[in-house]
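**Student:** Okay, these came from Swiss-Prot:
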DISULFID  97-189  disulfide bond
CARBOHYD  5  N-linked glycosylation site
CARBOHYD  89  N-linked glycosylation site
TOPO_DOM  1-25  topological domain 'Extracellular'
TOPO_DOM  47-54  topological domain 'Cytoplasmic'
TOPO_DOM  76-99  topological domain 'Extracellular'
TOPO_DOM  121-139  topological domain 'Cytoplasmic'
TOPO_DOM  161-197  topological domain 'Extracellular'
TOPO_DOM  218-237  topological domain 'Cytoplasmic'
TOPO_DOM  259-271  topological domain 'Extracellular'
TOPO_DOM  293-324  topological domain 'Cytoplasmic'
TRANSMEM  26-46  transmembrane segment
TRANSMEM  55-75  transmembrane segment
TRANSMEM  100-120  transmembrane segment
TRANSMEM  140-160  transmembrane segment
TRANSMEM  198-217  transmembrane segment
TRANSMEM  238-258  transmembrane segment
TRANSMEM  272-292  transmembrane segment
């Protein structure tokens, strides 16, 4: 059937990962488990930082924000997929798709900027340890978060609102489990030159600048570590930034993997699987990277988890008293 321009559309179809109905319960259980692990892991990190005054430092301030972002980014995509699987309905409304695109761009862009701020924090901690508390003061930390928020809002609105000017064809199937900007643009019947220019411009500015900041920070860190006279000092410096560097490599490596997959393969299923590595896996793994490699975080988590039974008991007792 010939594709026709359709300026007003009501919904898109999210094809997801697997079409076999018999495998849908398995897929539902898998993604529900991954989502719960992501929420629980990042929530524990967030609550541990809030509850322990010893962790009220710039590094853990940024880490708690990263955990909150991971929760938000996962919640933007996975629950809709779970609802679609459970209801056996793969559709998403036009407004819902546009909203999902906007939030994915916002949270992913904000995480990108936050990783750059964390890299600068590690640079100051290793290269200027005596001036660390002076440089990384609460005002600067707040300004870095505010700048990241403003940058991410501009990026998300610029890229998502341009979809409003597009007309779409009759083929409205997205070969992913969530609405992704590049996939939606491929469905349009309109001229996408301006859209593609804006995408590359935004990638260079809003993506390239934070990445350049990360590379510059770690270049300075490497130079500083190599000049350290003692092996213990070098080991401490490497362990200080090891967790953050692992998350950076995972974040950008997953994004690069999705891009390479979309270029070298014509299979929508392979692209969909690669998108999982970018939109689900890093958010699930990040809490384990920081909790397993950080002694302070491990100690705080043990204390916090040990207090959970008593907190639950207090909550139950309070509930009974309230009912009385």
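First residue shown is number 1, and so on along the chain.
Cβ atoms are placed via backbone N, Cα and C, with glycine included.
How about a rundown of where these features are and what they're close to?
**Tutor:** Within its own chain, residue 97 (disulfide bond) has 11, 12, 174, 179, 184 as residues 6 or more apart in sequence whose C-beta sits under 8 angstroms from its own.
In the three-state DSSP reading, residue 89 (N-linked glycosylation site) counts as coil.
With a threshold of 8 Å between CB atoms, the same-chain residues lying at least 6 positions outside the topological domain 'Cytoplasmic' (47-54) that come near it are 60-61, 63-64, 67, 296-297, 300-301, 303-304.
Listed as Cβ neighbours of the topological domain 'Cytoplasmic' (121-139) (distance under 8 Å, sequence separation of 6 or more from its ends, same chain) are residues 58-59, 62, 217-218, 220-221, 224-225, 237, 240-241, 244.
The average pLDDT computed over the topological domain 'Cytoplasmic' (218-237) stands at 85.
With a cut-off of 8 Å between Cβ atoms, the residues of this chain six or more beyond the transmembrane segment (26-46) that come close are 16-18, 63-64, 67-68, 70-71, 74-75, 78-79, 81-82, 85-86, 280, 283-284, 286-288, 290-291, 297, 301, 304-305.
The list of residues near the transmembrane segment (140-160) in space but at least 6 beyond its ends in sequence, with Cβ under 8 angstroms from a Cβ of it, reads 58, 61-62, 65, 98, 101-103, 105-107, 109-110, 113-114, 117, 120, 181, 198-199, 202, 206.
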**Student:** Compile a sequence-ordered list of residues in the same chain as residue 89 (N-linked glycosylation site), six or more apart from it, whose Cβ lies below 8 A from its Cβ; state 'none' when nothing qualifies.
**Tutor:** none
**Student:** Please give me the CB contact count at 10 A for residue 189 (disulfide bond), counting all chains in the structure.
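**Tutor:** If we count other Cβ atoms within 10 Å of residue 189 (disulfide bond), we arrive at 16.
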**Student:** Tell me, by DSSP, whether residue 189 (disulfide bond) is helix, strand or coil?
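**Tutor:** Assignment for residue 189 (disulfide bond) reads coil.
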